[in-house]
Amino acid sequence: MLKVLLVGSGAREHAIAEALCGAPDEDVELYAFMGNRNPGIIRLAEDYVVGDPTDVEAVARAAADWNVDFAVVGPEDPLAEGVADRLEEEGIPTFGPKRGPARIEWDKGFARELMEKYDIPGRPEFGIFEDPDEACDFIDELGKPVAVKPAGLTGGKGVKVVGDQLKNLDEAKEYVKEIFEEDIGGIPKVIIEEKCVGEEYTIQAYTDGEKVIPTPAVQDHPHAYEGDKGPITGGMGSYSCPDGLLPFITKEDYERSVEILERTVEAIKKETGEPYRGVLYGQFMLTAEGPVVIEFNCRYGDPEAMNILPIAEGDIVTLHASIAEGSMEGEIEFLEKATVCKYVVPEGYPESSEGEGDVIEVDEECIHRYDAVPYYASVNLDEDGKIRMTSSRALAIVGIGDELEQAEEAAESAIRECVSGERIRHRSDIGKHETVEKRVRRMKRIRGE
């Protein structure tokens, strides 16, 4: 029996908890340090604490009190605060990189400079600036659409692109000033990049800092509303395909992307002196020239974790424990199944608190009948047993099927028939044939096919 600490309380962490507790290779006793009372994790946990996951001392105390064998950290914020370093000081191996290697996410400037220094392919033209005037001059010099990125963590909502959230270069320059004036991201630095044109996708890879095991490619849908409209969110849903690729990605595109991840793992160790232990998440854009790195994350994606964990088979506990120890062992395979994840969110998400505090009713037996799986996110289990929403994403439903169409129907039916609430919504277009085909056609145009 292994005692495992799980840090975090979103749908991603619920999926991790289910994967660890349901794994055949090792019995697990789960302990959770959560930011909210996630009913799915509470049900699986032997014991739990509700607190601030970025309070590394509190996390370390809880881990020591429970005498855990190893820890798994879900979100990026605790990793950026050095929770893995602090747990290691207590003698607790941790799945999730120390603060130095985690810088690949919490400082976007570091990520770009690392790629440049070690000549890792997939770099757009970019500049890093600590002075807003210099950044604005660079935008003028480029004279073409740009992406404006705060250097620090913004919960996936800080990047703005000309032609999407920004109308023109003048608005880009206004946003640069706003980043410095409002301290967006918490680091007084901005990255300006040429706008890449193509289709975005994610590949997550397990690594102990030496070996790398890639997982199926996933496509996220960050826009709030159907048809890829509205503000950027933490992710409204995602899909994966039975062959581990996506309809617009070739095997060669996938392999080139994995090579970028492998070289990045190697570069992180050389640069920081610390091996990267955990999941390295690469967000790519497939362009006419091939894969370009949009950004790296230092943990499982949310929602992308929900596309790979339910179809993972093999030594899941051994894999996580051995990565935490620093020498990856265990076999992991992925079923040749399609997955579609759709998030149910409060009506006002992400711009207002409309729906916050409302009860959401979830019939789990009904969901399972549709070949779907529920993962609870930013909700709280009341003392009276009711599940109440916060202002963030509430519930992820993952449909699984032999083909993408089946998986999408499973997720959509489960939401429509098994989930209810007065002020909830979801994107029904995620994983639908028309949505995917639109992306395939666009990619063919870009590649001149």
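Placed from the backbone N, Cα and C atoms, the Cβ positions cover glycine too.
Pulled from Swiss-Prot, these are the features on record:
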BINDING   139-202  ATP binding site
BINDING   Gln283, Glu295  Mg(2+) 1 binding site
BINDING   Gln283, Glu295  Mn(2+) 1 binding site
BINDING   Glu295, Asn297  Mn(2+) 2 binding site
BINDING   Glu295, Asn297  Mg(2+) 2 binding site
DOMAIN    112-325  domain 'ATP-grasp'
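Recorded features from Swiss-Prot, shown on the structure.
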residue : record                : contacts (Cβ under 8 Å, 6+ apart)
Ile139  : ATP binding site      : Val146, Leu169, Ala172, Lys173, Val176, Ile192
Ala147  : ATP binding site      : Val159, Lys160, Val161, Val162, Ile192, Glu193, Glu194, Lys195, Cys196
Gly155  : ATP binding site      : Gly234
Gly163  : ATP binding site      : Pro145, Lys195
Ile179  : ATP binding site      : Pro132, Val148, Pro150, Gly158, Gly185, Val190
Ile187  : ATP binding site      : Asp107, Gly109, Pro150, Ala151, Gly152
Gln283  : Mg(2+) 1 binding site : Glu200, Tyr201, Thr202, Asp220, Val293, Ile294, Glu295, Phe296, Asn297
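Among the binding-site residues Glu171, Glu295, the residue whose Cβ has the fewest other Cβ atoms within 10 Å is Glu171. DSSP gives Ile187 (ATP binding site) a coil state; it is part of no helix or strand.
With all protein chains in the displayed structure included, the most crowded Cβ environment within 10 Å among the binding-site residues Lys195, Asn297 is that of Asn297.
In the three-state DSSP classification, Asn297 (Mn(2+) 2 binding site) falls within a strand.
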